[in-house]
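Reading through the structure tokens given below for one structure.
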Amino acid sequence: QLAGSAVLGGAPRFLRFPRPVRAVSGADAVLRCCLTGAPAPTVLWEKDGQQLEASSRLCLQTEGTEHSLLVREVGAPDAGVYVCRAQNSSGEAYAAAALTVQEPSEAAPVPSEGPLDTDSTFLSSDPPLEGPPVFLEGPRCQWVQQGEDVVLACQVGGQPEPAVHWEKDGRLLEDVWESSHFSLTRGPAGDGSHALRIRGIRLPDAGVYVCHASNAHGGTVAAALLQIQPSAEAPLSAPHQGQRASAGPGQGPAAPKSFWVSEGKHAKFRCYVTGKPEPETEWHWEGQPLSPGRRRLLYRDHDGGFVLKVLYCQPSDCGLYVCAARNTAGHTLSAVQLHVREPRVRFAVPLEDVEGEEGGAAVLECQVPSRGITTTWYREDQRLLPGPKYEMGEAGVMRRLIIHDLEADDDGIYLCEMRGRVRTVAAVAVKGPITRRLPRKLDVLEGENAVLSVEVRGAKVLGRWTRDGQELPASPRIIQTSSNHTHTLVLVGVTRQDAGVVTFSLGSSHTSSRLRVKCMKQVPPGPPVSVELGTGCSNAALLSWKPPVPAPDTAFTYRLERQEVGTDAWVQCLTTEAAGMVEVPGDGMPNEGDYRFRLCVVSEHGQSPYILFPGSVHLGESLSVSGLQDVCVQEGDDATFSLELSTSAQGAWFLNGAELKAKGPESGSRDEVQGYLVQQHGPHHSLLLRATRPRDSGALITFLCPGVHISATLHVQEAPVRIVLPQEKVSIEAKSLEQVVLLCELSRAGAPVHWYKDGLEIEESQAMVLENEGLQCRLVIPAAQPQHGGEFVCKAGEDSAFFMVTIKEPPVKILFPQDQVCVAAESSERVVLSCELSQAGAPVHWYKDGMVAKESETLLLERKGLHCHLILPAAQPQDGGKFVCKAGDDQAVFHVTITVQIVQPQDEMFLTAVTSERVVLMCQVSQPRALVGWYKNGMEVEESKYLVLESEGLQHRLVLPSVRLQDGGEFVCSTRDDSAFFTLTVTDPPVRIVSPQDMVSLASLSSERVVLKCELSRAGVPVRWYKDGLEVEESRTLILENEGPHHRLILPAAQPQDGGKFVCKAGEDSAFFNVTITEPPVKILFPRDELQFRSPGRVELRCEVAPVGARVCWYKDGLEVEASEDLKLGAEGPIRTLTLPQARPQDAGEYVCETRDEAVSFDIRLAGQLRQFLEPEWISVVEDGNLELRSEGTRRMLFIRAAHPSHAGNYTCQAGCEPAAPTLTFPVQVSEIPQAKLVLELTPLTIQEGDDATFRCEVFPADAELTWLLNGTAITPCNRIETSQNGPNHTLTLRCCQISDSGTVTAQTEGSESTARLHVREAELLFLRRLQDARTEEGQELSMEVETSRVGGQGIVTWLRGGKPLPEDPRFSVVQDGRVHRLIIHKVMVSDQGIYCCKSHHDRTQARLLVRPEQLKVRHPLEDVVVTEGGSATFQLELSQSGVTGEWARGGVRLEPGRNCQISAQGHNHCLVLSGLGLADTGTVSFTTDTLRCAARLEVKEIPLAIVKGLQDLEVIEGDSATFECELSRTQADLTWDKDGQELSPSPRLRIQALGSRRLLQLRCCGPKDAGTYSCCVGNSQASAARLTVRKKEVSVLQELKPVKAREGDGATFKCTVSQPGIPGSWQLGGRVLRPGGRVRIRQEGNLHSLALSELQAEDSGEIQFQAGQAKSSTHLEVEVLPLQICRRPPREKTVLAGRRAALEVTVSRGGGHVRWLLGGVDLPPGPKYEFRSHGVTHSLIIHNVQPTDEGTYCCQAGEDSANTNLLVESE
């Protein structure tokens, strides 16, 4: 059946298959099998398809899970295959076995079925004569086709001859197959050849076959791997293809079970199929066969089940999964429906499968629902961490994993998981030489075979197998085989040593698997034998047994358990390792009764079945004990241990195993010092230990008596630690650097001690060392410093000791320098002379050349702690000399030497400039007014208009206002001690093409004038022009001109071939022009149609073309004609003519006038000789305004002016008046006036601002009206706009174009229009005069100006400072005067200096502005200040400038802002306020800037000692602390405290502290006696008294007690919450005070009080009261009494001697219960004969002077329970 992570249902399952049986004819044969199932299956036996029924010869037996078929007196007809079929509601299983019947003569071994293949190579040479087996030839690995026969042969040698048997995958062949499927043969005797023949190989037959050979000397194995190629037959049926073959009649297929799994989890299906022959099994999903993959694993587990595991389930995995199995006996199916439960939160974009090449990278990406969601990456079950291998990234909701350096083992399943274990899954396929990698891990049981297989891309390649880096050699246990693309490694019978990492390598590619070997399942031990139960002494059971047979191989123990008869529970009694005899006493039994026992054997392999001891035994307690508990006492107190027995009995006390004699004297001692007392009063026993000591803590107190063994522990608490010495406050004075030791002696050693200084706990350090030695505790200050002084407290427990330590300074010493110091510095350098003193604050004096050094602007004195400094801010040569620092009797000597050096530049400077630039060489020296000389090329320079020398402070400059080429060279700035070198190189500036900056595109018509312009940055520079990459040469059609910086290329009459790409190159700069020349379309205006001429004589063909200069060609009958005397060609304006002066017949034909674009034809036909018209006349023509007759020599002409359609017709010219005069007729056709149209379109123009723009167009007819428009508005001619017409050509010229003229130009006629774009580019604005560096002083007015190449509008240039627009400040103003632009800065400030820039759209210039600050002066200097101690002093200073930063110093030490030092500056004023001044603050206060210093004297006077702040009345709650505080006028003063007129001294509860000028008196845990009047006094000053009032704590109940109702024997807990923590409380029960111990537990946690009562009794019922302070709470406890029962009964039968006393005793369930004693159903009266005793829960009947007449059955009744004892009396 299928299972999802577990078996679904309990289908039948064979635990042991029936084995083939061979029987001799006439004997009985038994077929046995073992199977299980839930519910219990029905078992049927079949033979030849027929069900077998029980008969006289067939017996079907069932015993538990064992099933058997007995065939009596078998014969030949009984031979065959028997099938055992088991069915239940969950499924079915079947198995087959063969019965072979032999005649008595066939008892010999089966002969060989065929010859063996002996043509093989031996693994070994000759077999040994005597020794263990050795394989001469082992079986070979094979790959066969399904259905074939297979023979595995081997040859083994050894003496004696080895026995051989075969296994498949660790199982005997007989347990796997039916006998007809295989046969075993062996060769001739002594040959050692053996063969296994498998008939009709099946898919389940694939596996590892092992041949075992063994003899008396040992054994060996040889193995082979058999792999099977499936045949092409149809696969096993899926559910929709067929139903289960074994289903009973009328039973349809059951609906498949459903299995739900959450998305991302695994689903495991297990199908257990049994049968013989072994079934072939396949898995199907939705009707399709399944094969193993990355997320689908198919394997067989150790129990033989077929498992399909779907990893990381996705919704796409839902569907029907079917396990189909078949063999020769039939087939079966089992199905389950998988459902995947999707999570509520899903990935917005899930992962997708990716592929990558080995060595490359793979990228996995997904998107989470929102930002901020953390994700984790996994490769299958391994979490991935960021590193070089795995790169993880996040970008918003995107999550990315990049796998670098892909390997074969990177192939697998990857997961991205967010919170809630929501996952998205993808597969990464790695393409490389290895196509199927090893599993990441392989678990194998010890002794099983391990098979590892890989597939590679190439066939017949050699791979290498290694384990933990070591190559695996071939051996009988290690088989390496390969077939085509598959490589397999087989490890036979693995051991723990085989575990490790197995790797298959193929070149640089490799894949690994971790082989894990699990321990082999062991068989649990067998049960013990010969168990017996006997009775030993009274109230004990005697148990005996013997070890199991056979004995276990490993260590084992026996476990004994007991069970009270009548109950179900078994309780463990004991465990032992030795077999034999054990006595179980009845004292350990919880109840008196009959008990039975059982025993089992336990080892590391499991537990054996239990063996029950026969019979039972009556056991019970003889005594009970209560009351003995652990005792906790204080050191020196007595400790009492007591207990109470159920009856009076003698016992003994033991202390740590030593018996304490009751007869010993009370002064008798455990250790000759302390004594003890042992007492007994009836059943009550007690032990008193006197004067306990800490070392007695943990002692074990034991009480022993028959049936009782009980112990308790003694706990002794140490007494609280006390400080023995000192008892008074100790004052210690020491000098600095001396060792100071504070010593405390405690009452006992080892107690924790805490040291405090000025209220803070001390942590051990090098400055303070804490030591403990025995009772003494020390605080050691190895080298005391003044700051180590103060109040020290040693606290041990609740006791404290106080020490006042004062550290005095030693004589001051100069620690550094010890020797004379020589200091060499450069002029203007800052020189600092430093001295380190042994103590801070010591007076120091400085001397220069024997004179006292006084502070000034050039000499500063500073103090910082132990360091004293003499500072020369800007040392000059005259400041050098001998300086001495003197402190006390010690001094330090400094020799100072000041030299002049060049500060900047430090290295040689290399400068490059272009002509006309301003060049400044600057040199800064260390001393002002130093002599500096300038040299050029070794010669000293002289000032001129071309070279200017400047000096300003420390700076010296050489200025070249307009550098020339000859100014280049080496310049040297030289002082007395140093030189600086400058190398200046001057070059001409590179030429630039100013205009145009961009490529210019020009389009023009043929024959127009084209001009290309180029403007350079300067004149006189050679320019080269190029056309299409070739340099042009000047000619008649190309003219080159230049005028200053302007250069032009002119095409006077451009032709199309003149177009192309033109380049103007000047220096390294170039300008580009793209020129396009097009010819206008040539049109024939008249005639439009073909004309025919028939008359002879002079013939003139006329044609009117446009444009006027268009070229035409004439053709006659397709051949071009040439001009001659007989044919003349003419051209006049737009008219083109072909004239035949005297037409001849041969001139007849078709004439064509052809332009570039059009053609017109003329047809001339001449009938005969042309007639001459001497005096021709026009017939019927009357001259009028439109008709005109003309005569020119022999020519006669008729002109029709302004032809009209009415003028159409035939016009005849007649020569002469005679009727027969020759005539010539002219047909005239007049058509309508053609519509005007544009023949030549407009061309777009791009020009620069200020240039002229000309547009041309051509119309037809020539007299057509034309209108010009600009941006849709008709143009009216004016000074800037000109229009002209020349025939059909029209021209529009716009003079001096502006940017605003850009737009659309339109030429419009009546019938058409043409539009072109006019683009006017802004003219470049360049700077002719550029900005120059400027220098000025603060407060002056400065003007910076530039000159542009043309006049521009407002804002055409922009001013910047530091790359940013000028700030909005009224001090800045911008002025324009024509082409000059100025920036004026009023009242220049230092903050105005920087880089100023003026820029246009095409150029920019910048310069640096340097502003010298105004000289700083003091307007109002500092004044001396005198204050009293503790007051404050204010120093004010006014300077001539605002915003000046400086440093304040006192006594040469720089002041920093803080709580007692406030520094402020506002405008010109600077202020220093010093507060909390002391006497040590007297000294000089100074304010220092870079250029000045101002100082004044501060004097602090001592103030009289007084109490500044008095005491205040206090009111505290009892138990709290109270602190009185007063403040003195000085910090160093002794103050005394009084209470009610009595002087106070420190104690553990009273603490006196001094914190600066504050004095504190602290009272801890105040009580009523602390109330009173407190006062303090110092010197002659006394503070007003203050009253301390101590109020009692007001405690209230926040949570009342709640009533409790409980049953007898249970526990009860009461809780009460009060308003104040730490208040002790008391508990009462029924008016009786409860104390902790026994059944009472009392706890207090803060303000929560709790009472816990355990083992409640009936008498515990009553009122519970709690009181804490004045707060009270009460409630009621009700204990429900349980029915009285007898817990321990008397013996059923008791025998006593006559005349003696008989005692019967019972124990009831609770104390105080009433019992009745009866004899024969009659109550016994108390008296001399019968004595009744009761002690707690124990009740006894004592019968005195027992006589035979007292025999009978005595009954004890307790409530509804009773116990009987039969009393027997024996005579003495």
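Including glycine, each Cβ sits where the backbone N, Cα and C put it.
A TrEMBL annotation is a machine prediction, not a hand-curated record.
According to TrEMBL, the feature domain 'Ig-like' maps to 12-100 (among others).
What TrEMBL lists as domain 'Ig-like' is 133-227 (among others).
Residues or ranges marked as region 'Disordered' in TrEMBL: 234-257.
The compositional bias 'Low complexity' annotation in TrEMBL covers 241-256.
Per TrEMBL, domain 'Ig-like' is recorded for 249-334 (among others). The helix, strand and coil residue counts that DSSP assigns across the domain 'Ig-like' (249-334) are 3 helix, 43 strand, 40 coil.
Residues annotated as domain 'Ig-like' in TrEMBL: 343-426 (among others).
Under the heading domain 'Fibronectin type-III', TrEMBL lists 524-622.
According to TrEMBL, the feature domain 'Ig-like' maps to 720-796 (among others). The average pLDDT computed over the domain 'Ig-like' (720-796) stands at 86.
Here TrEMBL flags 810-901 (among others) as domain 'Ig-like'.
For the domain 'Ig-like' (905-987), residue counts in helix, strand and coil come to 3 helix, 47 strand, 33 coil, using DSSP. Marked as domain 'Ig-like' by TrEMBL: 905-987 (among others).
Taken from TrEMBL, the feature domain 'Ig-like' applies to 1080-1163 (among others). Note: the domain 'Ig-like' (1080-1163) comprises 3 helix, 48 strand, 33 coil (DSSP; helix = H, G, I, strand = E, B).
Under the heading domain 'Ig-like', TrEMBL lists 1234-1319 (among others).
Residues annotated as domain 'Ig-like' in TrEMBL: 1323-1410 (among others). The residues of the domain 'Ig-like' (1323-1410), classed with DSSP into helix (H, G, I), strand (E, B) and coil, number 3 helix, 45 strand, 40 coil.
What TrEMBL lists as domain 'Ig-like' is 1504-1596 (among others).
Sequence annotations record features per position, and here TrEMBL assigns domain 'Ig-like' to 1683-1766 (among others).
Ranked by Cβ pairs under 8 Å to the domain 'Fibronectin type-III' (524-622), the stretches 343-426, 810-901, 905-987, 1683-1766 are led by 1683-1766. Here the domain 'Ig-like' (810-901) has, by DSSP, the following mix of helix, strand and coil residues: 3 helix, 52 strand, 37 coil.
Sorting each residue of the domain 'Ig-like' (133-227) by its DSSP state yields 10 helix, 57 strand, 28 coil. Counted over residue pairs separated by six or more positions, the domain 'Ig-like' (1504-1596) shares fewer than 3 Cβ pairs under 8 angstroms with the domain 'Ig-like' (133-227), which leaves the two as not touching. Ranked by Cβ pairs under 8 Å to the domain 'Ig-like' (905-987), the stretches 12-100, 1080-1163, 1323-1410, 1683-1766 are led by 1323-1410. Using DSSP to sort the residues of the domain 'Ig-like' (1234-1319) gives these counts of helix, strand and coil: 3 helix, 47 strand, 36 coil.
In the domain 'Fibronectin type-III' (524-622), the DSSP tally of helix, strand and coil residues is 3 helix, 52 strand, 44 coil.
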